[in-house]
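Engineer: Next up is a structure, given as structure tokens.
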Amino acid sequence: MQDNMMWWRGGVIYQIYPRSFLDSRGDGVGDLNGITEKLDYVASLNVDGIWLSPFFTSPMLDFGYDVSDYRDVDPMFGTLEDFKALLEKAHSLGLKVMIDQVISHTSDQHPWFQESRQNRTNPKADWFVWADPKPDGTPPNNWLSIFGGSAWTFDSRRQQYYLHNFLTSQPDVNFHHPEARQAQLDNMRFWLDLGVDGFRLDTVNFYFHDAELRDNPPVPKGEAKTLGAPEANPYTWQRHVYDLSRPENLDFLKDLRALMDEYPGTTTVGEIGDDNPLERMAEYTAGGDKLHMAYTFDLLNMPHSASYLREVIERFQRLAGDAWPCWATSNHDVVRSATRWGADEDPHAYPKVMLAVLFSLRGSVCLYQGEELGLPEADVPFERIQDPYGKVLWPEFKGRDGCRTPMPWTDGEQGGFSPVEPWLPMEARHLELAVSRQQDDPNATLNTVRALLAFRRSHPALFDGDLSLVDVGDDLLGFTRQKGDETLLCVFNLTGQEQQTTLPVEVASDLPVAHFTATRDGSTLTLPAYQAAFMQVA
Ligand code: NOJ
């Protein structure tokens, strides 16, 4: 690992979805003490830190992404004392702790909104985005909610609409209001004072909206719909020019960074869903005065081929400057990568080589719970669907429950997650991939991840070295990573066939990584299907 203050630059952050990690209380829902119990396991993966999805007080209509008290733990997950114990244990294991901050919107149960909706004159009247109806009573403009329908809901007391980019119960905080902005920064300070090492910032480019409330234009016919929402969602039919990524956000991100800089060694990773995600990522993370890192949906939505990955890397490299990405290939919002990538491929081998790519890219990494086991997307029957997003767009889009089912720790009852029926069903196919089954199997995905991350740790060039794409033919992905006098060559075969290539740089030695095989004869490299090779450049 490198300089402790800069741990995040090239660090690997393991994302935990608290509801589904481990239920220590026997109520079918995971909790903070369950996470603490499993931190040794997390540390054994050779990751640098964790990101905890929300555990704050919430009515849970969006499973914690609707916060009603930013400074407390929801009783479902435990207490503030439990969180402090978690933090202490993580730190004793050398793991950094990042928590989610969902400041763009609150729950409609939050006292700020309860007050704001009373009338047009109360002290919090403008802390949320209120607007008069059009003369015909319809919403102020054409903005849509990602979770379905208009982004505006009428409130009879104020005789006005309020804005919500997600559920009607997630009113959008008005970031044009200085006191509201400051209040959110104060909430973040509360956790920094408790000793957290950083924040994952939910929907970081949604903080500001166009104060003139101008209509978004439609996506012109034939042009790509680039936002991170599923195709079936009409939200993708608009260009999101006015409801997100507004220029005012940059100044707020500077204020946020000034707060973080008061706590050395802390960091931020922003979530970016945008029409031009890589551009936004570069804009938000360059210059050292805004975010430290950001992730986009570029590797979260698509199946991946060497050419697609080359395109993403090239585009980012062109824009990057000193910007810093955090690459993620799975999380609690998208279909699990093993299913996305592996539909027609080898279900075990393909995820392994893709993880090898992920851990070799220039940037930090978010690794979602269960990805180290190669879990496929769970098949949740309609009667068990919890995600409101899934209910709205069913059957074309089944929501996000399939990636949120409980972690399989053992192949026994409920996968060792809970003694009772969990909030989402334990996927039968996950039992044979349980931690207990993979733990001692040297060929298991779990141990591949451990080996790859140990390898990454021992090579500073993989941590934050420069990246240059090299030409190894259309079917392979190849690049060098260079830092100081170390230059590594990394080549990946994402296809189901053996591939041979002539290496464009002179190799000094091969760097073996457990689970990966390749043969090299001088400058001729032969890579079996779904294999990766790492070499030291002369
Ligand atoms: C992004 C989060 O990752 C997602 O789970 C949530 O529903 C929305 N933001 C709204 O907070």
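Numbers here mean position along the shown chain, with the first residue as 1.
Placement of Cβ uses the backbone N, Cα and C atoms for every residue, glycine included.
Below, the features straight out of TrEMBL:
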- D23, D27, V29, D31: Mg(2+) binding site (BINDING)
- 15-404: domain 'Glycosyl hydrolase family 13 catalytic' (DOMAIN)
Engineer: Here are the binding-site residues: D23, D27, D31. Which has the lowest count of other Cβ atoms within 10 Å?
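Structural biologist: The binding-site residues D23, D27, D31 were compared, and D27 has the fewest Cβ atoms within 10 Å.
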Engineer: Which whole-number mean pLDDT does the model give the domain 'Glycosyl hydrolase family 13 catalytic' (15-404)?
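Structural biologist: It averages 95.
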Engineer: Report, as a single number, how many Cβ atoms besides its own are within 10 Å of the Cβ of V29 (Mg(2+) binding site).
Structural biologist: 22
Engineer: Provide the three-state secondary structure of D23 (Mg(2+) binding site) computed with DSSP.
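Structural biologist: Coil, per DSSP.
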Engineer: Other residues with Cβ within 8 Å of the Cβ centroid of D23, D27, V29, D31 at the Mg(2+) site?
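Structural biologist: Apart from D23, D27, V29, D31, the close residues are R19, S24, R25, G26, G28, G30, G34, M76, F77, S418, W423.
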